[in-house]
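Contents: one structure, followed by commentary.
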């Protein structure tokens with residue numbers, strides 16, 4: 001495909017197309033744990049208010065100059081809709097009301113495993129998520145899927161009001177809309193076999209087909225007629241020239257005839273003249289990549305991540321309970337009364353206890369893999385629509401996992417350090433705690449990375465299993481460092497487990513009590 005695309009006379013590199021326009025997909029991708037209102041509020045907060053604030057400032061200046069006192073209610077409404085970075089906004093409430101979502105605004109969206117709103121309401125949430133933003137061109141793909149004809153009519157009627165009042169452009173693809181829904185549209189674009197058969201005012205579409213000999217019956221929906229008239233199977237029934245025999249009119253002939261039809265000629269005349277850039281309002285094109293500042297983006301994503309953590313609290317409670325149970329098992333297996341420090345034979349038991357601790361702390365981060373994969377589809381959608389950059393999604397997750405790592409590492413070390421009988425020194429206790437904290441953070445980040453690379457559950461699990469195998473085998477415990485072949489030693493150095501293992505082993509075995517036995521055997525006889 002070659003050529004040049006311009007919008008208001010400007011090429012795509014001159015502005016940000018993803019922010020100037022919005023694509024509304026037919027796939028409903030949302031966080032099931034969030035309510036309808038929270039979903040729209042987050043979307044509105046990230047997308048920002050566009051130029052509403054600047055326009056309001058200009059309006060206020062002109063009102064003062066002309067000595068006009070605005071209506072208090074309208075003035076309050078406009079100021080409320082022009083405030084960026086708010087947790088909740090009046091625009092979200094307005095869109096909820098218009099789309100008929102106010103009755104389920106505080107109900108969770110839901111997913112495969114969590115009961116929530118109906119399919120039709122989910123479809124409206126997908127539409128509302130983009131409407132709360134400041135985009136001036138909206139492209140809607142099959143927004144009527146799962147909706148009854150009445151709901152579709154209500155939504156399209158609101159869209160028409162929005163287009164005419166706010167001066168925006170909407171392109172909506174619909175399959176077999178009801179006649180009353182069809183009548184709401186200003187223009188029709190009819191596509192067939194990848195070609196544009198007709199593009200222009202709705203009033204002239206029947207005239208175009210009648211000029212070719214096809215007439216829509218009185219009791220037939222125009223939308224159904226338009227879909228069938230280009231089809232080889234259904235075309236014949238609409239032939240209206242009784243004095244001429246019917247012959248099949250191909251899509252290419254329709255296109256050819258449209259170019260000579262008065263609507264098509266008007267299009268060509270308009271397109272021949274380059275668009276005058278001076279006619280465009282500065283507010284029509286968005287030049288900033290994101291709707292709000294980096295700090296506000298971080299705050300919005302942090303608030304959402306905290307909310308999702310609270311809604312998924314069972315996972316984190318279960319993980320904490322699991323590591324508590326495993327630590328009890330650990331100190332009953334490696335009990336201090338059965339392991340005397342300072343002897344080589346017992347040193348291997350201490351080494352085993354440290355390795356077992358390392359495995360448990362590391363494996364406790366594996367739940368992160370499934371949680372990340374679950375959120376990836378929503379992340380990719382919102383990142384591509386420039387809600388936020390990738391760092392604004394990843395950073396709050398990392399920050400909020402720090403207290404979790406401190407808690408889980410703290411539980412493990414508090415229950416096992418004294419009972420197993422590790423070095424009785426406060427400095428070594430805190431060093432081991434710091435090492436376990438680092439290992440837990442590494443495990444969480446590693447599983448998140450594997451999930452991001454794999455993207456699907458099957459691929460990520462396969463990658464995760466393979467990575468763990470390499471990390472364990474080449475970590476220096478299963479196969480000692482000196483036994484690893486020279487061509488495989490790179491595995492030891494890239495294995496994060498080897499560094500964690502070295503840290504906790506050195507912390508323990510550099511204690512004085514492990515030196516006593518060693519030195520007494522090296523002292524020469526008197």
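The first residue you see is number 1, and the count goes up from there.
Backbone N, Cα and C atoms are what each Cβ position is placed from, and that goes for glycine too.
Within the set 458-480, 481-503, 504-526, the record from TrEMBL flags 458-480 under the feature transmembrane segment. The feature transmembrane segment, as given by TrEMBL for the ranges 292-313, 314-335, sits at 314-335. It is 385-404, from the ranges 385-404, 405-424, that TrEMBL records as transmembrane segment. Counting residue by residue with DSSP, the domain 'ABC transporter family G' (176-227) contains 19 helix, 14 strand, 19 coil.
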